[in-house]
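Everything below concerns the one structure shown next.
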Amino acid sequence: MSTYTYSAGPGMLPTEVMQEIQQHLLTFEYEGVSIIETSHRSASFQRVVDSLEWRLRRLMHIPENYAVLWLQGGATLQFSMIPMNLRKQNRFAYVDTGIWSKKAMEDAKHFGEVDVIHPLVDATGGMSFESSLVQEVDYLHVTLNNTIEGTRFTHIPEIDVPLIADASSNILAEQIDVERFGVIYAGAQKNIGPAGLTVVIIRRDLIQSLQLPSYLQYASHVDTLFNTPSTFSMYAAERVLKWVEDCGGVEAMERLNRQKSDRIYSYLEESTCFSPIVTGERRSLTNIPFSTGNQELDQRFERYALERGLLELGGHRSVGGLRASLYNAMPLEGAERLVDVMRAFEEETHVSHQNI
């Protein structure tokens, strides 16, 4: 019986990638020298760095007027680095779509005034915002996919200021038009690789030389390894990106993610035991919150699923309930298995209620 983890992060990695990593933990380029012992200044690791960047550029169609930076500190550090590096008038706009956008806003308040914009939901349940509210700010920040709430933007209007996107939970999982954005950033631990690595895709004209601590300046990281990076995470990410290419690229990943999420949403809509938390077009492809409507029953199902090899189905500690995260490495079989286990639990629960 296969075991699947539905964790919101770190997420699953492809089995074949982990098997290759396992081999290189003992020998990478030289016999007896591990990838985690390989110098970040060596020619062999520079090839990893170059391949990592070019694979991402190919997969996301990133043009040359954008720099690709590989940093540490998680997406959380970007909550501060973005206002630090992009401020001119010291006024920023944020679309408030949930807990992670709120965290980004709170950090931005250390560097200037924050205009809060509330999302709009249309007749189909799609999510957008009113562009006329974005005025006289240095940038507008959006969280493209809300990991906790299970929502995603379905339309982003044109605006006259740089658009900044937290893409941590949907990067490489669905197509993103990079040239719509000034900055796209993402923690690696959902769709790119292991934790410990953050990617920042930034339009070069936004990079300034500022009076900031050296690591916190984007300019310090352009086209160079400024300090010792997370070498293992970068190596693993390069292998994951190769796997994505071999699978057919981001278009293929998006098709698969739609299949997986459709399987689960379809079941939730017909179930008499479980209900989806989100309805309409704004439902996330990668993070599906759901519930029985009863905390004790939710916890019973979580234990029931764990006994059957389905891990990390608890909702975020701030909201409770249940959640299934379906990042790229989760196969279609993982979504189908979850539906089978939910259906079995529903049948057993219904029978037990009948026998009371």
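Every residue, even glycine, has its Cβ placed from backbone N, Cα and C.
The annotation L-glutamate binding site is assigned in Swiss-Prot to R41 on the grounds of sequence analysis. Residues or ranges marked as pyridoxal 5'-phosphate binding site by Swiss-Prot on the basis of sequence analysis: A75, T76, W100, T147, D166, Q189, N227, T228. Annotation source Swiss-Prot lists N6-(pyridoxal phosphate)lysine at K190, citing sequence analysis.
Projection of Swiss-Prot feature records onto the structure.
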{"residue": "R41", "record": "L-glutamate binding site", "Cβ within 10 Å": "9"}
{"residue": "A75", "record": "pyridoxal 5'-phosphate binding site", "Cβ within 10 Å": "25"}
{"residue": "T76", "record": "pyridoxal 5'-phosphate binding site", "Cβ within 10 Å": "15"}
{"residue": "W100", "record": "pyridoxal 5'-phosphate binding site", "Cβ within 10 Å": "20"}
{"residue": "T147", "record": "pyridoxal 5'-phosphate binding site", "Cβ within 10 Å": "24"}
{"residue": "D166", "record": "pyridoxal 5'-phosphate binding site", "Cβ within 10 Å": "28"}
{"residue": "Q189", "record": "pyridoxal 5'-phosphate binding site", "Cβ within 10 Å": "24"}
{"residue": "K190", "record": "N6-(pyridoxal phosphate)lysine", "Cβ within 10 Å": "30"}
{"residue": "N227", "record": "pyridoxal 5'-phosphate binding site", "Cβ within 10 Å": "12"}
{"residue": "T228", "record": "pyridoxal 5'-phosphate binding site", "Cβ within 10 Å": "10"}
Return only the integer: C-alpha distance in Å from R41 (L-glutamate binding site) to T147 (pyridoxal 5'-phosphate binding site).
36
Where does W100 (pyridoxal 5'-phosphate binding site) sit in the DSSP three-state scheme?
helix
Work out how many Å separate T228 (pyridoxal 5'-phosphate binding site) and the residue listed as 'N6-(pyridoxal phosphate)lysine' at their Cα atoms, rounded off.
23
Rounded to a whole angstrom, what is the largest C-alpha distance between any two of the residues A75, T76, W100, T147, D166, Q189, N227, T228 that the record assigns to pyridoxal 5'-phosphate?
30
